[in-house]
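Note sheet for the following structure.
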Amino acid sequence: MAMLVTNLSSSSFCFFSSPHLQNQKEIRSGVRVRKYVIFNRASLRTVSDCVDSITTFDRSVTDANTQLRRFCESGNLENAVKLLCVSGKWDIDPRTLCSVLQLCADSKSLKDGKEVDNFIRGNGFVIDSNLGSKLSLMYTNCGDLKEASRVFDEVKIEKALFWNILMNELAKSGDFSGSIGLFKKMMSSGVEMDSYTFSCVSKSFSSLRSVHGGEQLHGFILKSGFGERNSVGNSLVAFYLKNQRVDSARKVFDEMTERDVISWNSIINGYVSNGLAEKGLSVFVQMLVSGIEIDLATIVSVFAGCADSRLISLGRAVHSIGVKACFSREDRFCNTLLDMYSKCGDLDSAKAVFREMSDRSVVSYTSMIAGYAREGLAGEAVKLFEEMEEEGISPDVYTVTAVLNCCARYRLLDEGKRVHEWIKENDLGFDIFVSNALMDMYAKCGSMQEAELVFSEMRVKDIISWNTIIGGYSKNCYANEALSLFNLLLEEKRFSPDERTVACVLPACASLSAFDKGREIHGYIMRNGYFSDRHVANSLVDMYAKCGALLLAHMLFDDIASKDLVSWTVMIAGYGMHGFGKEAIALFNQMRQAGIEADEISFVSLLYACSHSGLVDEGWRFFNIMRHECKIEPTVEHYACIVDMLARTGDLIKAYRFIENMPIPPDATIWGALLCGCRIHHDVKLAEKVAEKVFELEPENTGYYVLMANIYAEAEKWEQVKRLRKRIGQRGLRKNPGCSWIEIKGRVNIFVAGDSSNPETENIEAFLRKVRARMIEEGYSPLTKYALIDAEEMEKEEALCGHSEKLAMALGIISSGHGKIIRVTKNLRVCGDCHEMAKFMSKLTRREIVLRDSNRFHQFKDGHCSCRGFW
C-alpha cells in the first residue's frame, strides 16, 4: 500500500490535486483510483504494476480484460501472457483470450501460445467455435499443424476462413493427404465453404497427381454453384494442366464466364509446359485480341513458348512489347529473353541482351553458357564459366551441370577436369546432380576410371547415378563391368532398375552376345511394363538381333505399337548383319510406305545390308535415291559402304576409281574397306598400293598393319611379313590379339588363340581332333594359309586347331544340351579354316551355330552358312 501511495503522489497522478478530491467516499471505495490506475498508460507499463493495482483494490472482470487488450493492441505479448497467467478464470472474458491467441499467432510464438492453451484448459473454459478457431489459427501460424488438427477434431469450427488456413498450411508443409482429409471433414461438418476452400484443396489434389480425386472435386464444385467463380476456375485450370490434362483445362477455361490475366497466363503457360508451345502462343494472340492487359508472367511464358517452337519473329515482337511496358529491367524478363534468343539460335541477340543487363545473375550466366553449348561454342561456354568468379558471381549447381554437359557433349576432357577441380575447391562435389553430371562427362570423354572414382566417392546415389555409370561402361565397350554393376544394383535392392537402366545394360548383353542374360532382362522388362517405352523396345530388338536371334528380334519389332525411325533402322541393320539383304530392302520400303522418312543412319544400314549380301545393283539404286530423291549428301560412312560392296564382289579396280572420284577426301575407313577386299580376292599388288595410303592416314592403327601382314602371309610372302612386323615393332605398336567368347550358364568364357586355361581344355581338344579327323575322312584339306606362320604344314595345322573361335564353338557344343543354339562372338574377322570347320560342326552335331565376327553374322546350319561367301 505504501508503494501505491508513493506512486499516486507522483507527478504522473496529478488528477489527485484538490479540484479532483471532491468525494472522499469514492476515493476510499477505490472506484476512481482503480479506474485511473488501470487506464493510465504512462504509469502502468509493466505487468507487476497491473498485478499490484488489481490485487490492491476490489477487482472487476473489466480490469484484467481491458489491460490485456491494451497489451495486445500494443503488441506486448510477453506482459499479456504474464498477466493472463496470474489472473483467475473469472477475471478473463473468452473474447480477451481470442485477442491474446491472435497476438501469439501473429508473433508465431508457439511457447506463449501453448501457455495460453494450458490456461484455457486448466481453468475449464468452454472452447466454442470462436475460441477454437483462434486456437487452431495460433497452432497453424506457429507451424504445429498436428495440434491445430487436434483442435479441429475437438471443436466444431464454423468459419470457413480457419479451415482454409489450416488446409493451406498443411499443403504448404507437404501434407497434401492431410489437407484433403481436412476438406472431407469440413464437408461432413456442414461448414459453408467459399471460393478459397476449393482453391486450397485443388492444389493438394494437383500435387498428389490425383486426377480422379480432382475430377470428383470438379463435380462437387459445379454442384455447389462455385463453377463460375474466377478463382475456382483458375485453380481447376492449374490442376488439369499440372496433370497433363490439357484438353480438360482448356474446356474449363472456355467455360469460364469471367477470365482475368491469371486465367490467360495459366492456360498459356500450361500449353508451353506440356510441350504444346504453338497452342499456347495461339492463346496469347487471342488474349491480345480480347484486350486483356498482359503482365510480366504473360511475357515470360510467351518467351518460353517462342524458345520451344523456335518462333524468333514472335519473340522479337514480344521483346518490343516488354520494353514498352518497362519490363526490361526485370531479371525474369531479361533471363527468359536471353534464353529465348539462345534457343532460337540467335546468339548475337542473346549476347546483346546479356551485355546490356545491369545486374547479371547466376541465372543469366547459366542461360548464356547453355546457349554457347547449343551452338557448339564449347570453348566460349567454359571461358564464361571461368569469368563468373571474376565478376563476383558464384556458379550454382545448375551452372556447373550446364558447363559439364557442354564438356560431355563436345568431349572436352581437359576443360571438364578443370571444372572438376573448381568443384572440389568449392565443396560442390557431394551434390548428387553435380556428381551425376561429372560421371556423365568422364564417361562420354571415354575416361571410365575417373567416372568410377566419382561414383565410388558419392555419399548418396540415386538411380540416375547407377544408370550413368552402367551406360558409360556399356558405351565404352566395358560390357562385363556394365553387367557386373547391373547385377550389383539388383543385389543391393535399394533402387529398382528403371527403363533407362535396362536400355543402358542391353547393349552390354548385345556386345557379349550374352543371350541368356538378355533374356533375363527381357523378362524383367515385361514384368515391369517397360516394353511400352520405345527406347527400351528398340534396345531389346537390337540386343536379340546382335545375339543372333533374328526371328525373335523381328517378333518384338512387330509388337512395338508406335515404331519410330530408330525402330526401323535397328531391324534393317539386324537383317544386314545377318546377310539378309533382300529382307532389309523389303523392310526399308515398308518403312517409307508407312510415311517415315529415312535419314543418313538408316541409309548406312541399308547400304551395309546390300554390301554383305552381294546386292550391287540394289546398293547403287538406293545410293542414288538417297542423293537425288531424299536430298541427303553422302558421308564417309555411305562411301565406305559402296567401296565395301564393290570390293567384296571382286570389282576392286572400280572401287579404286570410285574412291579417286569422290567429292570428299577419303579417310582410312574407305581405303581400309578396299584393303579388306584385296585380302578376300588375293590382290597383293593393289593391296600394297592401298596399304600405303592407309598407313599415311592412320600410322598408329595396328589393325591395318596386321591386315596387310595377313595378306602377305596368305600369299606366303614371308619376307614382306617380317618387314611389316618389324615396322610395327619400331613404331611401338601392339597387335590386338584375336579372342572369342561364349556364354555358358550365365558365365562368359573368353578364349585367345592356343588358350589352355579353360577347365574343359582336354575335352575341347579331344572334340576338335575328332571333328578334324571326320572332316579329313570326307576329303577336307586344312586351309593352312590361314595359319599365318612360316612353318611346316603339320605345325600350321596345329596352329589352326588353336584358333579362338574353334575353342569357343567346341566348348559350347560339349557343355550345352542337345538342340541348344551355340552363340560365339569374335573381335576380329573369322578365318577361312574356322569358317569351314563351323559348317562341318553344324552338320556333324546337328546344331545351329551363330558366329558373330567384326564384320557380320554367320549362321551355320546343316553344313551351310547364311553369308553365302560374302564375308
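Glycine residues also receive a Cβ, built from the backbone N, Cα and C atoms like all the rest.
Note that this is a predicted model, so its numbers are computed, not measured.
Here Swiss-Prot flags 670-745 as region 'Type E motif'. For 746-776, the entry in Swiss-Prot reads region 'Type E(+) motif'. Among the features that Swiss-Prot reports, region 'Type DYW motif' is placed at 777-871. As annotated by Swiss-Prot, repeat 'PPR 1' applies to 60-94. For 96-127, the entry in Swiss-Prot reads repeat 'PPR 2'. Per Swiss-Prot, the feature repeat 'PPR 5' maps to 194-228. Sequence annotations record features per position, and here Swiss-Prot assigns repeat 'PPR 6' to 229-259. Here Swiss-Prot flags 260-294 as repeat 'PPR 7'. What Swiss-Prot records for 295-329 is repeat 'PPR 8'. Summarising the annotation, Swiss-Prot assigns repeat 'PPR 9' to 330-360. Annotated repeat 'PPR 10' per Swiss-Prot: 361-395, in sequence order. Per Swiss-Prot, repeat 'PPR 14' is recorded for 498-532. Residues or ranges marked as repeat 'PPR 15' by Swiss-Prot: 533-563. Taken from Swiss-Prot, the feature repeat 'PPR 17' covers 599-629. What Swiss-Prot records for 635-665 is repeat 'PPR 18'. Among the features that Swiss-Prot reports, transit peptide is placed at 1-28, with the record citing sequence analysis.
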**Prompt:** By Cβ distance under 8 Å, which residues at least 6 away from the ends of the repeat 'PPR 6' (229-259) in the same chain are close to it?
**Reply:** 195-196, 198-199, 202-203, 205-207, 209, 211, 214, 218, 221, 266-267, 269-271, 273-274, 276, 292
**Asked** What residues in the same chain, six or more past the boundaries of the repeat 'PPR 5' (194-228), come closer than 8 Å to it by Cβ-Cβ distance?
**Response** 160, 163-164, 167-168, 170-171, 176-177, 179-180, 183, 186, 234-236, 238-240, 242-243, 245, 252, 255-258
**Request:** Take the repeat 'PPR 8' (295-329) and find every residue of the same chain, 6 or more past its ends, with a Cβ under 8 Å from one of its Cβ atoms.
**Result:** 261, 264-265, 268-269, 271-272, 275, 277-278, 280-281, 284, 287, 336-337, 339-341, 343-346, 358
**Prompt:** Are there residues at least 6 beyond the ends of the repeat 'PPR 17' (599-629) whose Cβ is under 8 Å from a Cβ of it, and what are they?
**Reply:** 565, 568-569, 572-573, 575-577, 579-582, 584-585, 588, 591, 635, 637-638, 641-642, 644-646, 648-649, 651, 855-856, 867-868, 870-871
**Item:** Long-range Cβ neighbours of the repeat 'PPR 9' (330-360) (under 8 Å; 6 or more residues past either end)
**Value:** 296, 299-300, 303-304, 306-308, 310-312, 315, 319, 322, 367-368, 370-372, 374-375, 377, 391, 393
**Message:** Is it possible to list how many residues within the repeat 'PPR 5' (194-228) are helical, extended or coil according to DSSP?
**Reply:** 27 helix, 0 strand, 8 coil
